[in-house]
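Feature list (source: Swiss-Prot):
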BINDING   Cys60, Cys62, Cys75, Cys78  Zn(2+) 1 binding site
BINDING   Asp449, Asp451, Asp453  Mg(2+) binding site
BINDING   Cys783, Cys857, Cys864, Cys867  Zn(2+) 2 binding site
Amino acid sequence: MRDIQDFDSLMIRLASPDTIRAWSYGEVKKPETINYRTLRPERDGLFCERIFGTTKEWECFCGKFKSIRYKGVICDRCGVEVTHFKVRRERMGHIELAAPVSHIWYYRSVPSRMGLLLNLQVAALRSVLYYEKYIVIDANDTDLEPMQLLTEDEYRDAHERYGAAFTAGMGAGAIKTLLQNINLDELAAQLRAKMIEKGAKSDQRLLRRIEIVENFRASGNKPEWMILDVIPVIPPDLRPMVQLDGGRFATSDLNDLYRRVIHRNSRLSKLMELKAPDIIIRNEKRMLQEAVDALFDNSKRKKAIKGASNRPLKSISDLLKGKQGRFRQNLLGKRVDYSGRSVIVVGPELKLWQCGLPTKMALELFKPFIMKKLVQKEVVSNIKKAKLLVEQEAAEVFAVLDEVVSEHPVLLNRAPTLHRLGIQAFEPVLVEGKAIRLHPLVCKAFNADFDGDQMAIHVPLTQAAQMECWTLMLSARNLLDPANGKTIVFPTQDMVLGLYYLTKERALPEGKKERLYSSVPEVLMAAECHAVGWQEPVLIDYETEPGKIETVRTTPGRILFNEEMPEGVPFTNYALNDKKIRKLIENVFKDKGPWLAVQLLDKLKAVGYKYATYFGATLSMEDMIIPPEKAGMLEKANKEVLEIYNQYKGGHITQEERYNRVVDVWQKTNSNLKEILMKRLQEDKGGFNTIHMMETSGARGSKDQINQLAGMRGLMSKPTGDIIELPIRSNFKEGLNVMEFFISTNGARKGLTDTALKTSDAGYLTRRLVDIAQNVVVNEEDCGTINGIEYAAIKRGDEIRESLSERIAGKYTLERVIHPITGELLIDVNEYITDETAKKIEEAGVETVKLRTVLTCESKHGVCVKCYGRDLARNRIVRIGEAVGIIAAQSIGQPGTQLTMRTFHEGGTASKNVEENRIVFNDYSIIVRGIKGSYVTLKNGHFLFTRKGEFTFSRVLNEYALKKGETALVSTGTRVVKGNPLYTLKNGKEVLSENIAIAEVRDNIIYLTGQEQTIEIRNGSEVVVKENDVIKAGETVGTFDPFADPILAEYDGFVRFEDILPGTTLKEEADEETGVVEKRISDAHFDKMQPRIFISDESGNTVGEDSYFLPGGAQLLVEEGQEIKAGAILAKIAKESVKTKDITGGLPRVSELLEARRPKSPAVLAAIAGVVTIKKGLLKGKRTIMVRDEYGHDVKHLVPIGKRMLVRDGDTVKAGEPLCDGSFDPHDILNILGENALQNYLMKEIKEVYDAQGVTINDKHVGIIVRQMLRKVKIVSVGDTKFIFDQQIDKYRFHEENKRVKEEGGQPAVARPMFQGITKAALNIDSFISAASFQETTKVLTNAAIAGSSDELRGLKENVIIGHLIPAGTGMKQYRDIKLFDKNKSDLDIQMNEILERRRLEAEAAQALEEKELIEEENFLDDL
């Protein structure tokens, strides 16, 4: 027989009345539950033993049959079957209804399924079901319409006029008849014809109707089954009744709801038998309908039925829904046996793979194992005595305990478990006390500290589970963070300080030379005798690499450090701060393997703690040195602020500009003070100032925090995020005055509230991500795709944020990579790129590499090995069965909580990058290649840009000035790689290139330049250089106003206003403080008028074709008729005042991107590339912009009024370029630029939020989530497929159907990709079990039942819910069905038969023995 657990899919359907009767073991006729005197169930009641099975094991109700030997006998007196009481959990009953009722899920949920089928509005359907109106079922030859609603009076009139010529009815019965009359095939054909006829004008309702009809047709469900003639009664042990102390009963709410239904049902039957008046019966039927509604879904009703304590009763739907529902409370999260929890304390003496387990806990957790061992060792004779011994905590027990615990791993978990490293396995070491001891290095992964955190402990029981713990989950095997592949186990805080102190070097006093020592023992002895300081530089002959001895300049501390390290760790001769320690661990891990890395970590921990203790760092007020320059700097800043205020008073600048400039001054002052303070601390005590050491080593504190202690606290922000322009000039050492203290309360409080609120947000984000990606598992070696994405280094301006080698390592190539100069093959197609190959490719000067990525993977379910590439947590190629979807979701969700919790350490100080007012390249020289755009040439030869332009340049990597007699070997335009000769010296020796570059030779100087780059030049910028100039580092290229965006005239002439009318579109306000009149454009009348400026010549003719549109809020700076020169400022728009960026901006931003929300006021993007024409006049209150492409096609774009235009007449735009300001709408990017552009945009945006917080997340994690969001397509043209216009369909199903149609010679369908938010995508997932356990449970189940959905159980979640092993790792089908076979088959068969026969005999013997014991026991009881 197949095991009940052995099934591959699960189907859900509507139950027909016959099915419900077939499930049932009898009809429940009475509302009684149990007899209050005997406390036994009432016959035919809700707990009846005849229907649901006996309450006493192997005994009937009346007691006639009492024994297992009567198993299966049905008692002739009471009718109860002799069986086990557990059947009361599975046997169902039913209630035969006196009148049909509607199922609330199918008529009440939105959209109403019944309403769609019958094409009735919900209100109309309700009025029929609740017996308020009649509905015409059959109109025959009357002038009534079928499905017409009639009130009581209208029905009477019709009856008098037509008599029995028509049929009408009310209630569920009438609806049932209508549903029975539907011919689904005909209806489907009619609706499809209507859809084709309407075409693009068809509405959503029509699409929904077709979908529901098709679902009914495909599933074999009948529409009339949505009306119930009989309702099932769930087994009594699932709605129990429990006696409390004091004789009262606690009962499940379902019993109350069932009782109401039975009451009303029997009353209705009686009334119908008595032939009561119609109105009474109708009322009773309505009440029955309400009672059944409440039973199925009490929360959907307007007035929920309340129980005794005036709380709404929990109906069947409520038992499934929400966090406390069956799905999330009992199926996805169960309480686990063999577990305990306790407070954690630090265990510095432990090895990395150990944890300290309190003896008391171990006794309880390993109880069964101890008992077994005691019996095995013959300490006791049976299990009962062993149990007693354990409970008494006898000495023998402790002797056995050590044996049991050793080499039996345990799992430790710290809530919240945000990523997979929140649960790790350790080898337990017994400790005294009641606290669990945790190794200090694993705290980072658990995010644990020892301020009272608790951890849970679990014991893996089976051999397979223990094996998994040792091989996969052991802490020593999880050194890397799955989110980015960097180490997550590394020393922090005290350990870092200890290591930094030990390896730091003190400067020698002037005139003193390093002493020379011959051997390691000599140096260490000298240091211990204080002949030389631990940090003093010395010279020593030392073995830096195996077999290589050289004289090195180092310190005794570093020698000691290297001696302590395990063999194989490279010689380390520098001061170790946190970053360098991590680098050292990473290098050892990569070069020497994980085992040496684990030994290294334990050594680092020991040495770090030891020398931190010897150092004994303390903080003193003396260590906080307030720079003497502070007073002068504040004085200077005050003067600057006063000057800005005077400019404002004179009306030269606006209020916003004044505010922005003041904030800017204080920001600069603060950052300058910080730099000086850091310098002072560094010079103090020869670099051994404790605060300075803590900060530089990375042990504790940041530059900003130290600045608040000894510099100045700086600017604070209001709760709204605006910066308060009054800075806090004091620091904590000087103390704040009352005003300053009051200002800082804002930030401090905001940090704490944010933390509390945002933690739940991050948790919810993780939950949504897991739900969408949980079924993505690596399930094949190669999907065979020919698509991929081009990767290049990520640059911000000119600084490389992520190098090419970092980005491509660990992925597979899609195309060959050829050396750009030598033409040799660096790596072939479909090859894995190792770290070494990646470096080689980068050094060869390759700019871009086309790779396979998860985004372009074509695996039908999950992803393939070659598109995924490296498993970051293990630093090797991913294995089939890895649950990469969950890892991706955790990698994005887990830092989310850190993002939220980051705010409160800073205490709300405002931080913003100081905006420069010039274009400058500080770190390198450049050669100007081109200046493009619309500009006016000024008298001094500078270019003033009247619109945005482009500045193209090449970076100078090296320059070589040739002296007399030296000859260049390259000419302008030569490509050189590392090692190519550049020029010869006088002596004929060649100088070689150190870079990959392009050479340029001018005036006897060889410049090696990088690739050409382009930056955007802002409107209003003045560029002071010309093409082909060589600009030295730090020289100004151009200047601009960072606080305002000007509108500039492009021609000489006279100003002419249009639609600029004082009082309507022009507001004139006198500033109260300064008395200066400010003229601003108001956007109140933009629907009728468009304020703009023309420039005309003396005779009044317009010069040029352009007019200058003025957006709302612009400040007007010219008068009508005023004569102006090209480049004059006509108006300017102040930039928004800057708010502090808090991660609050971060998390909601990630949420917004992942939910695919359309931004509030999105930018309008150009649909095609071409030339812009702005049309006069308005269309529907919007401005019309035409873009004409090179073939003469025009595309119309509508821009809302009041939006700031980014283009003008005659501008050339690229497809996807914004025409007005606003944020990008991802849906527009998808429609205009396609899937790859959208993926790149989302990747960039999401990673930017995390980068701002210093969190790195690998592309592939974001890629998996984005791929899941792009799984659906929308049908644009149906062709000969079964699809419906506008239907949303899974990409792979779409391709399959098209393939089928093409093979049959038909016309395939056309679809456009859809971008769904994570919540929506999770609800539209193929598995209805997973979707129902996520959100909107009833809606998902309703739809699934109608469609007769089958869940293939592919994902992890649905398998957890039904209690299967998850299809990932060793639980995958291909691993579970492995069969071992012997080459000599005949022997195997004989062996198998012998084993089976032996097992059968053993089972029979055991059963016989059990029955014999039971009978003996019963006979003994009978004798008694």
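Heads up, the Cβ atoms here are built off N, Cα and C, so glycines get one too.
Locations of recorded Swiss-Prot features on the structure.
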| residue | record | contacts (Cβ under 8 Å, 6+ apart) |
| --- | --- | --- |
| Cys60 | Zn(2+) 1 binding site | Glu49, Thr54, Lys66, Val73, Cys75, Arg77, Cys78, Val80, Glu81, Val82 |
| Cys62 | Zn(2+) 1 binding site | Cys75, Arg77, Cys78, Val80 |
| Asp449 | Mg(2+) binding site | Cys443 |
| Asp451 | Mg(2+) binding site | none |
| Asp453 | Mg(2+) binding site | Val343, Ile344, Arg414 |
| Cys783 | Zn(2+) 2 binding site | Cys857, Glu858, Ser859, Val863, Cys864, Lys866, Cys867 |
In which DSSP state, out of helix, strand and coil, do we find Cys867 (Zn(2+) 2 binding site)?
-> helix
Sorted by sequence, non-Cys60, Cys62, Cys75, Cys78 residues with Cβ within 8 Å of centre, Zn(2+) 1 | Phe61, Gly63, Lys64, Phe65, Asp76, Arg77, Gly79, Val80
Listed in sequence order, residues not in Asp449, Asp451, Asp453 with Cβ within 8 Å of the centre of the Mg(2+) site Cβ atoms = Ile344, Ala448, Phe450, Gly452
Relative to the mean position of the Cβ atoms of Cys783, Cys857, Cys864, Cys867, the recorded Zn(2+) 2 site, which additional same-chain residues have Cβ within 8 Å?
-> Glu780, Asp782, Thr785, Arg852, Val854, Thr856, Glu858, Ser859, Val863, Val865, Lys866, Tyr868
Can you tell which of Cys75, Cys857 has the most other C-beta atoms within 10 Å, given these are the binding-site residues?
-> Cys857
Which has the fewest other Cβ atoms within 10 Å: Cys78, Cys867, the binding-site residues listed?
-> Cys78
Specify the secondary structure state of Cys857 (Zn(2+) 2 binding site) as given by DSSP, simplified to three classes.
-> coil
Hey, what's the Cβ neighbour count for Cys864 (Zn(2+) 2 binding site) at 10 Å?
-> 22
Check Asp453 (Mg(2+) binding site) against DSSP and tell me helix, strand or coil, would you?
-> coil
